[in-house]
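K.L.:
The following block contains the structure, expressed as structure tokens.
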Amino acid sequence: MMDEGVDVKSLFLFFFSPQVLLLACAEDLECVPGFQQKVFYIEKPFEFTEDQLVLNLKFDDCKGNNKLNFEVSNPDFAVELDGNLVALKNVSEVGKALFVHARSEHAEDMAEIFILEASEKRGALKEILKIEGNLGIPRQKRAILAAPILIPENQRPPFPRSVGKVIRSEGTEGVKFRLSGKGVDQDPRGIFRINEMNGDVSVTRSLDREAIANYELEVEVVDTNGKTIDGPVRLEIAVIDQNDNRPMFKEGPYVGHVMEGSATGTTVMRMAAFDADDASTENAQLRYNILRQTPTKPSPNMFYIDPEKGDIVTVVSPALLDRETMESPKYELVVEAKDMGGMDVGLTGTATATILIDDKNDHAPEFTKKEFQATVKEGVTGVIVNLTVGDRDDPATGAWRAVYSIINGNPGQSFEIHTNPQTNEGMLSVVKPLDYEISAFHTLLIKVENEDPLIPDIAYGPSSTATVQITVEDVNEGPVFHPNPMAVTKQENIPVGSVVLTLNATDPDTLQHQTIRYSVYKDPAGWLEINPTNGTVGTTAVLDRESPFVHNNIYTALFLAIDSGNPPATGTGTLHITLEDVNDNVPSLYPTLAKVCDDAKDLRVVVLGASDKDLHPNTDPFKFELSKQSGPEKLWRINRLNNTHAQVILLQNLKKANYNIPISVTDSGKPPLTNTTELRLQVCTCKKSKMDCSATDALHISLTLILLSLLSLFCNKSCTLQL
């Protein structure tokens with residue numbers, strides 16, 4: 001039991017003094033190679049004086065510590081063989097931490113010494129323990145005192161090892177300590193234990209701060225029956241960070257671009273590494289450095305990296321950052337990130353940064369020759385020459401791609417020039433056939449530029465223009481008809497041998513003396529002939545406007561004109577003959593068959609129509625007439641309905657028979673033409689709306705037969721009288 005007169009403040013200071021905490025953290029059950037304590041916190045004095053003892057560092061390689069060697073991150077301090085850290089001279093500025101590296105033939109380890117200002121000491125410890133409120137024992141009457149426990153991560157076996165102790169001010173007789181929480185009876189289970197009898201807290205395995213940095217447990221005191229007597233009280237366990245994680249570059253690949261000629265100090269890209277260690281300690285304080293540059297020309301130090309931010313910037317002059325003079329426009333930098341603020345004892349990670357020097361249009365394209373030659377035959381189109389240029393800028397960019405233009409010598413727009421996208425050459429083409437007789441030579445002035453504009457201090461010079469001398473070769477061209485097509489108007493039915501017209505063809509090869517002969521090429525109806533010498537076209541048959549070879553009153557024939565060249569050349573001419581109509585076709589009648597019932601009440605038998613192949617005025621109005629009827633009485637008549645139609649009307653019902661009615665139709669031509677057509681009229685028996693004409697042939701009594709019978713009877717009587 002604790003005396004009630006004990007000063008709680010004194011007890012708090014005792015338990016939370018650095019010496020007691022460090023002893024609790026460093027307690028080992030048996031020899032463990034390495035520093036027995038790896039993390040120290042000391043208050044910074046006004047000045048470290050020469051030979052001043054700072055700390056005693058206990059290191060044991062469990063093999064006698066033979067040939068033990070210590071290295072300190074600050075050269076103003078050293079560790080003696082007995083482990084005493086001393087200042088080698090008076091030192092006022094040290095920094096926030098010292099790192100001591102110890103090694104022998106059998107063991108190697110590192111210790112960290114954090115140097116805190118007097119005003120920071122309590123706050124720093126509070127941050128490490130991650131305890132809210134006042135550091136230490138809560139200001140309330142409790143019998144359980146559970147001081148926060150600090151445990152370095154990555155401790156070596158053996159386990160379990162004691163890390164702290166829980167105290168009951170009222171004694172421990174007849175009671176037991178019970179520990180619970182995450183790491184005890186909650187996942188991850190079994191990491192911590194407590195001695196039920198004396199309150200010793202132990203850890204069963206190595207801890208990883210990057211997995212879990214703090215544990216919040218609860219301690220209570222129970223009687224032999226398990227009934228809680230005191231508590232629960234919170235027990236804070238903080239895992240002290242060790243530098244066990246290397247910096248890592250996770251966001252690669254790292255590719256940066258910088259324009260050639262950029263000013264010194266131009267930022268190219270940023271390299272950022274990640275360290276899983278505690279960001280509030282030097283373990284995660286990264287410093288960057290360029291280890292290697294490939295290639296090393298024109299300077300082995302083309303770039304600089306900000307050691308704290310990781311920004312890569314250019315350090316050479318704009319003149320050296322010239323893409324066209326570089327061995328390669330691509331640089332690879334091996335970048336190192338080192339923790340521990342870049343100290344030698346820090347862990348490192350590397351990554352490769354690829355930097356591409358982007359092109360800008362600082363070189364004008366230049367023709368490889370000042371003058372190009374081309375030869376083309378007259379009458380031919382297509383590419384005649386490829387113009388080549390050189391450009392030192394980056395291929396396949398707008399700074400390299402060429403744009404050509406014809407700036408002189410092309411008034412008739414006979415030439416065009418386009419860029420070959422694969423070779424960057426200028427393809428000069430003839431788009432309108434050239435005529436040797438007009439001009440045998442052409443001179444073009446061509447200019448080449450880039451798709452992208454040049455930078456302000458660069459201009460297109462004389463080498464960006466070139467001339468093209470084009471020679472046109474003479475070709476034996478075929479004769480040309482004038483005009484073509486040729487047109488003439490003639491009456492149909494003109495006499496055979498009539499002259500239609502004389503064709504005219506000339507030879508465009510005016511510099512050659514050639515003769516021309518003519519021939520018929522296509523004469524669909526075979527109506528025409530041509531004089532081979534003078535081109536006179538005459539008729540060999542009657543021209544017929546109504547012929548199937550005539551379309552829309554026009555007859556078309558083709559003729560050839562052949563020169564005397566070697567080989568001879570041929571020209572084709574077209575002749576259109578418009579045929580004027582002549583009244584040379586009689587009108588025709590339709591229909592030629594009609595039927596009527598023998599008892600019909602409507603005696604309007606049929607409506608007749610007339611047509612004529614001729615044109616107006618040689619067609620309608622038509623005149624319809626019946627042949628003169630003979631006999632005791634008239635049987636039918638015809639009435640004109642309009643210019644092209646008439647109606648046949650019976651004057652009485654007729655007996656069942658066939659009748660032939662002669663009808664004449666006359667057109668309006670001058671002179672008029674008449675055609676007589678017999679209308680066959682069938683008189684049929686009609687019963688129950690059915691017409692029966694089957695017996696009409698047997699009862700055939702036409703007007704003609706009646707007349708013939710009467711004449712025969714009259715003749716017989718005459719003959720009898722004569723006899």
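Note that Cβ sites are derived from N, Cα and C of the backbone, with glycine treated the same way.
Where the annotation comes from TrEMBL, it is an automatic prediction and has not been curated.
When I checked TrEMBL for this same protein, it listed these features:
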{"type": "SIGNAL", "residues": "1-26", "note": "signal peptide"}
{"type": "DOMAIN", "residues": "175-249", "note": "domain 'Cadherin'"}
{"type": "DOMAIN", "residues": "250-367", "note": "domain 'Cadherin'"}
{"type": "DOMAIN", "residues": "368-481", "note": "domain 'Cadherin'"}
{"type": "DOMAIN", "residues": "482-589", "note": "domain 'Cadherin'"}
{"type": "DOMAIN", "residues": "588-699", "note": "domain 'Cadherin'"}
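I'd like these features described in context: how deep, what's nearby, how far apart.
P.N.:
Secondary structure by DSSP for the domain 'Cadherin' (250-367): 9 helix, 48 strand, 61 coil.
For the domain 'Cadherin' (368-481), DSSP puts the residue distribution at 3 helix, 53 strand, 58 coil.
A mean pLDDT of 93 is what the model gives for the domain 'Cadherin' (482-589).
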K.L.:
Please list the DSSP helix, strand and coil residue counts for the domain 'Cadherin' (482-589).
P.N.:
0 helix, 50 strand, 58 coil
